[in-house]
């Protein structure tokens, strides 16, 4: 029996504290430094949408990455969260907004549970197609029934300014800090779950459903739990997207493209990895900006918005194909290598012993 | 290398032995078998750890099992042998509830089922391994082994998130048991590695550890030795015997290596074309002309060199 090339102690000795330190440093910078030095553009165009999308990616990762259930309906649950929060704040003005967010997440979770029911019978592509039903149905409902948008003629709602406990957070920095706090809290929650016995059961269902049943994992309940939790997190992300980033809500903003975008975040960032959602969202948000600048510098006037959008799709498509072939574990795995600075040979030995 | 497997509270086994005495004993079915009564045959007074009663199963007209009876006494190591396609795995899948038999019943710790409820299998004190590895590839060795105790956890999700006393106590207990099982199977050097990339023999051991951590009354092993080297087979044989000797665990195993089967089992059941054609001690099976004709004579030549 050949012994392990990599001693387990190396991973836990250098890996864990490094992660904790890294997260701590990131939080200090995000909460303490950035609000002092950043400009409006940084918050409004980059950081706030990044946070909302990262949270949505995290939500989808619970379902797809950890539990192995593919979903193409993520943006529907974002929409449910956004519309629920809007209607709660409109119709129950007495409720504090933080409670609105929580309830909006719960509403999204309930809708997610309903659309998760097919997962008890369907798998893989068939399940993915059935989640498309959520995507189209939810968008149709919000278009069809004016009640949800309070009878707005154009269907576009302007959301009320963000106010938490009497403190107005409608400036760029305020909305950013609010998003950051929510994302930090929800991420902590998800992290705790993934490290618990429940998290283990999620992966068990993903990796071998029959074996999971045999050892007593309640497979059906675990799947529905994953749908509920995932939709809750995505719903909260929808609230941030609508209230902190766009400050408007319209059904078209939560279309299939958005669902795919969230799926790409998870694939590029790394399945079943918390930091993967953040890395993937970072790439998805920053990459078009970089591409626009680059295109402008290289091609000048030729590079108009049409060309930009097309080239975005092409490059993004190539990136996804590249990741699926070269590094299915995503940016998260790349970061692992860079951070832990391990020799290439030892790494390959670990990946393919 | 003989290390003591964790000596846990024995109450579960003792409780299990007392159960089901009042009802009709499933052992009576043994009377219908064509084999002569063997020395080790369970007495009608002790309830069998596992009994299969006239089970038939077919897949769209193809008969996989035909009126199969089987009774396994507590603490027995029972091998099921037979040529490929004889229905051995189907029988194990019926016992664990993955297949619903067309007719017949399965008795487990005093309860009788038309279809074993797979979700409650672990609660019934039954664990199994699979012919092809059925591990959770994305989890570490430790987590795979620990997952074998999932059925025993009581703390809810919320309790786990906030880390309630119950949740923390359970987490500690599970980790302790997993560490013990890891030590028993000499898996220490792989503890934190994802099982996906580990050598085949190691993965087989992880699967066995996951099954045994729950301290089952009944352990079903589907070709535990397949694809192993001679040394690994010897090692695994030792583990299986140790588990039975120390915990009186009943073990039913499907195995093709006749040498291993003859040396390890108390009794052997032989299946051919979905029928049980023989059931007896290794000595009886070795001398049974039906078995020799159907299986042993051929298989022994094929696997010559592996010895007994």
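A Cβ is built for glycine as well, from the same backbone N, Cα and C atoms used for every other residue.
Any TrEMBL annotation is an automated prediction that lacks curation.
If you look up TrEMBL, you'll see A:12-35 (among others) marked as transmembrane segment.
Residues or ranges marked as transmembrane segment by TrEMBL: A:41-63 (among others).
Annotated transmembrane segment per TrEMBL: A:95-117 (among others), in sequence order. Long-range contacts of the transmembrane segment (A:95-117) within the same chain: residues 69, 73, 76-78, 80-82, 84-85, 88-89, 130-131, 133-134, 138, 162-165, 182, 223-224, 226-236, 238-239, each at least 6 residues beyond the stretch ends and with a Cβ under 8 Å from a Cβ of the stretch.
The transmembrane segment annotation in TrEMBL covers A:124-142 (among others). For the transmembrane segment (A:124-142), the residues of the chain that approach it from at least six positions outside its boundaries are 69-73, 75-77, 79-80, 83, 111, 115, 118, 148-149, 251-252, 254-256, 259, judged by C-beta separation under 8 angstroms.
As annotated by TrEMBL, transmembrane segment applies to A:176-194 (among others).
The transmembrane segment annotation in TrEMBL covers A:224-246 (among others). Counting same-chain residues at least six beyond the ends of the transmembrane segment (A:224-246), those with a Cβ under 8 angstroms from any Cβ of the stretch are 44, 48-49, 51-53, 55-56, 58-60, 62-63, 66-67, 69, 71, 74-75, 77-82, 84-86, 100-101, 104-113, 115-117, 119-120, 159, 162, 175-176, 178-179, 182-183, 186, 190, 193, 198, 202, 205, 253-254, 262.
A Cβ distance under 8 Å defines the sequence-distant neighbours of the transmembrane segment (A:262-294), meaning residues of its chain 6+ beyond its ends; these are 45-46, 49-51, 53-58, 60-61, 64-66, 71-72, 74-75, 187, 190-191, 194, 203, 206, 234, 303, 308, 311-312, 315-316, 319-320, 323-324, 328-333, 335. What TrEMBL lists as transmembrane segment is A:262-294 (among others).
Long-range contacts of the transmembrane segment (A:314-335) within the same chain: residues 264, 267-271, 273, 275-276, 279-280, 283-284, 287, 291, each at least 6 residues beyond the stretch ends and with a Cβ under 8 Å from a Cβ of the stretch. As annotated by TrEMBL, transmembrane segment applies to A:314-335 (among others).
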